[in-house]
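Report on the following structure.
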Amino acid sequence: MPWLPRAALLWDVVLGFGGTAAFLIDLGADLWAAGQYVVSGRYLWAALVLALLGLASVALQLFSWLWLRADPAGLHAPQPPGRCLALLHLLQLGYLYRCVQGLQQGLLVWRQEAPSEFDLAYADFLTLDISMLRLFETFLETTPQLTLLLAIVLQSGRAESYQWVGICTSFVGISWALLDYHRALRTCLPSKSLLGLGSSVVYFLWNLLLLWPRVLAVALFSALFPHYVALHFLGLWLVLLFWVWLQGTDFMPDSCSEWLYRATVATILYFSWFNVAEGRTRGRATIHLVFLLSDSVLLVVTWVTHIAWLPGGIPLQMLLPVSGICFLLGLALRLVYYRWLHPRCRQEPDRVDGAWGLRSLEWRRLPQNRRMAQLAQSFFPRVRDEAALPQKGEANGEVGRAAVVRVSLVTQEHRGREPWGTAWWRCCCCGACGTQRVSGPPGAARGCERGMGGRR
């Protein structure tokens with residue numbers, strides 16, 4: 001776990017608080033919009049908004065609950081009893097509970113002058129799960145809601161102020177969720193440098209510019225042919241689900257819940273790119289880009305050939321060319337990012353043993369979010385850090401579950417003759433064998449037989 005200055009730790013807490021606040025604001029805006037539709041007598045629109053909100057919330061709680069059950073026993077201690085956690089998820093509060101838990105751990109780490117490696121690793125563990133859940137919520141609820149909102153505006157020929165606010169915040173929120181997820185994945189890879197400010201801005205912009213034409217095309221088709229949009233989504237979703245299945249995903253604890261993950265990924269792929277398989281991604285990303293572009297063009301051509309009518313207040317003659325320009329600009333920024341701004345591998349310097357000072361008579365193995373580490377291996381195939389990434393099939397296996405083991409760190413021999421601070425042994429996770437890699441005073445034996453090849 002790389003060391004972070006206090007300013008960076010505080011920034012992580014601020015981002016976490018902002019993400020939680022954005023989730024609550026978005027939830028309130030959806031409920032407000034549904035209420036406005038009911039007041040104006042548009043009950044179908046209100047029902048669609050609430051249905052999308054409910055389905056996304058149920059899926060989010062299922063993911064959160066399944067991950068909690070798959071995590072090692074004692075990792076999240078202290079936490080509420082199992083029945084209380086189950087009740088929280090049943091009441092659709094599981095994601096909020098995770099957000100609060102992540103903020104508490106982040107504040108705990110920030111307040112410490114020299115936080116322990118375990119506290120830092122556990123904070124990252126929680127942040128990774130929250131980022132993944134936020135991404136799922138974005139594409140299961142926010143993106144469909146945005147498409148529905150645009151379709152309503154196109155049908156009515158006008159937009160209320162709250163609708164314009166919802167459209168703008170949704171586009172920004174979706175792009176931000178993609179950026180946050182991309183940044184979170186990098187914490188799984190010690191050999192990958194973090195995204196800089198310039199790289200983050202370009203990454204945010206190309207996602208925003210490529211998302212706008214896709215959402216507009218689907219919204220236009222939905223406004224003109226509302227009875228066929230469900231068939232269109234179902235047809236493409238089944239094709240994408242089959243493609244995800246062919247790639248052999250292994251993310252969830254069991255085969256049944258794996259299909260929930262595949263179904264969610266297929267929904268994401270309907271709007272944007274999401275990599276789930278190992279190996280070079282350029283070919284698959286190109287296939288997906290061409291597939292979505294072809295489908296979007298067909299949706300627009302279908303509208304043109306049917307000479308469909310929309311209210312005169314909708315400037316489609318301007319929207320469609322602007323969407324094409326946005327797509328080309330987003331594609332150019334994407335190429336620029338991966339050619340010149342994509343962070344390269346870096347070597348992290350060794351830290352001095354004992355730099356963290358005296359901690360405790362007992363140490364625990366550093367927790368690692370192997371679910372996200374396996375996805376990081378798929379997103380960044382050129383960097384395979386054997387100590388950080390699980391092997392195939394290990395994401396939910398015993399190696400990933402043995403995250404809390406107390407280790408005696410002081411030997412009687414060193415206790416009597418070495419000064420305090422150097423006689424204490426520091427423990428971290430050796431991913432090569434799943435056991436402990438121990439570093440101690442200068443000249444002391446280090447490593448493990450399997451993880452270090454027998455070297456001392």
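Placement of Cβ uses the backbone N, Cα and C atoms for every residue, glycine included.
Per TrEMBL, transmembrane segment is recorded for 7-25 (among others).
TrEMBL lists 45-68 (among others) with the feature transmembrane segment.
Listed as Cβ neighbours of the transmembrane segment (162-181) (distance under 8 Å, sequence separation of 6 or more from its ends, same chain) are residues 15, 19, 22, 25-26, 29, 32-33, 36, 131-132, 134-135, 137-139, 142-143, 145-146, 149-150, 152-153, 195, 200, 203-205, 207-208, 211-212, 215, 272. Look at TrEMBL and you will find 162-181 (among others) tagged as transmembrane segment.
For 201-221 (among others), the entry in TrEMBL reads transmembrane segment.
Below 8 angstroms of C-beta separation, residues 218, 221-222, 262-263, 265-267, 269-270, 276-277, 295, 299 of the same chain, each at least six residues beyond the ends of the transmembrane segment (228-247), sit close to that stretch. Taken from TrEMBL, the feature transmembrane segment covers 228-247 (among others).
What TrEMBL records for 259-277 (among others) is transmembrane segment.
Taken from TrEMBL, the feature transmembrane segment applies to 289-310 (among others). Cβ atoms under 8 Å from those of the transmembrane segment (289-310) belong to residues 154-155, 157, 213-214, 217-218, 220-221, 223-225, 232, 236, 273, 316, 320, 327, 331 of the same chain, restricted to positions at least 6 beyond its ends.
The transmembrane segment annotation in TrEMBL covers 316-337 (among others).
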*Among 201-221, 259-277, 316-337, point out the range having the most Cβ pairs under 8 angstroms from the transmembrane segment (45-68).*
259-277
